[in-house]
Amino acid sequence: MKYQLQKTDGRARLGKLIFERGLVDTPAFMPVGTYGSVKSMTPDEITETGAQIILGNTFHLWLRPGQDVIKLHGDLHDFMQWQGPILTDSGGFQVFSLNSMRKIEEKGVSFRHPLNGSEIFLSPEKSMEIQLDLGSDIVMVFDECPPYPSDLIYMKSSMEMSLRWANRSREHFNNLNNKNALFGIIQGGLSLELRETSLQGLLQIGFDGYAIGGLAVGEPKEEMYRVLDFLCPRIPDNKPRYLMGVGKPENLVEGVRRGIDMFDCVMPTRNARNGHLFVTHGVIKIRNTRYKTDISPLDPDCDCYTCRHYSRAYLHHLDRCNEILGARLNSIHNVRYYQRLMADLRHAIYEERLECFVEEFYKKIGLSIS
């Protein structure tokens, strides 16, 4: 993978990620394919939304169907028939969300299989091996994801262990002769001092890109933006910057303003399944009775398949009847909304009018600029 920085507007960056499997324009949003699928959508439909890269979940794919089954097909691209680049997380976030079901040690994490109760073990080395078998174009280091809030003593200890795990991840990644990209993950909670220590430690190890983890876990948005304001100028300009798990449209806009290149979140598809649809002027809750007789398109400004063919009344009907087609059409729209937003942000950076775009964006959705 190579990163090309093409233009800046303030701190916002326009660029490209170059893979053997294709190009990714940045800033980019990655739809999440937890179990080897972006829920309810085919690869062709994902491509039609404008998405160029997706995210796969190492932890869940390791448990089901298992890396051996995926290897029978070749790799994850062949298994799910997505031929573009794939980023896989390390499994750390999912393991640490198990709480009482897991035990953290220096060597790794032991936990109970959430499906059958058997004891299994995940380490930095094992995570690198799984992601190699998945054929991940971008591999993430194994790290600890401390809960919010956490006291400073625990946060410091966790960050230091994540640095040691990052070093082990890098060493085993190299030993496996993996030719794809490996990203480090900056931890440290809301402490700028710990964030600085984490970043400097990762820079000494050396990675192809740098992710910011441990945000969007319940902290006020102002705190998240404070951490981004601190970190982004300190990450080398020639490396991509990835803000993990952040997905509200306004958070994407603020991340781009601060110099973030990559985002992922389940929000577009999860909200779609719950009838919460992102449109130019905010959010439509399609199951509300007011849409029962509304024959207008979901979003007149949107060019997705759903908006070109169906009315709000029809989508309301599908949602009320729990029809699977409703979830599919809603997902197509929400993912396209996110891709349109990223394309608009890229175009605004190219034309050096990002702040004008941001002001217009907030006026349309009825929020103030952060």
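Each position is counted from 1, following the chain as shown.
Each residue, glycine too, has its Cβ placed from N, Cα and C.
Per Swiss-Prot, the feature active site, proton acceptor maps to ASP89; the stated evidence is sequence analysis. Among the features that Swiss-Prot reports, substrate binding site is placed at ASP89, SER90, GLY91, GLY92, PHE93, ASP143, GLN187, GLY214. If you look up Swiss-Prot, you'll see 245-251, 269-273 marked as region 'RNA binding', on the strength of sequence analysis. The feature active site, nucleophile is assigned by Swiss-Prot to ASP264. Among the features that Swiss-Prot reports, Zn(2+) binding site is placed at CYS302, CYS304, CYS307, HIS333, with the record citing sequence analysis.
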Taking residues 6+ outside the region 'RNA binding' (245-251), which of them lie with a CB under 8 Å of any CB in it?
-> 93, 213, 215-217, 221, 224, 263-268, 278, 337-338, 341, 361-362, 365, 367, 370
Spatial neighbours, same chain, of ASP264 (active site, nucleophile) - Cβ under 8 Å, 6+ residues apart = PHE29, MET30, PRO31, VAL32, LEU55, LEU87, TYR242, MET244, GLY245, GLY247
Annotated substrate contacts ASP89, SER90, GLY91, GLY92, PHE93, ASP143, GLN187, GLY214, maximal Cα-Cα distance (Å, integer) | 15
C-alpha spacing of ASP143 (substrate binding site) relative to ASP89 (active site, proton acceptor), in angstrom = 10
Under 8 Å Cβ to Cβ from HIS333 (Zn(2+) binding site), same chain, six or more residues apart: give me those in sequence order, or none if nothing qualifies.
-> ALA272, LEU277, PHE278, LEU298, ASP299, CYS302, CYS304, THR306, CYS307
Remaining residues near the recorded Zn(2+) site, that is with C-beta within 8 Å of the centroid of the site residues CYS302, CYS304, CYS307, HIS333 | PRO297, LEU298, ASP299, ASP303, TYR305, THR306, ARG308, ILE332, ARG336, TYR337
Greatest C-beta neighbour count within 10 angstroms, which of the binding-site residues GLY91, CYS302 | GLY91
Which residue counts does DSSP yield for the region 'RNA binding' (245-251) in the helix, strand and coil classes, in that order?
-> 3 helix, 0 strand, 4 coil
Around the Cβ of the residue listed as 'active site, proton acceptor', the count of other Cβ atoms that are within 10 Å = 31
Out of GLY92, GLY214, the listed binding-site residues, fewest other Cβ atoms within 10 Å surround the Cβ of GLY92
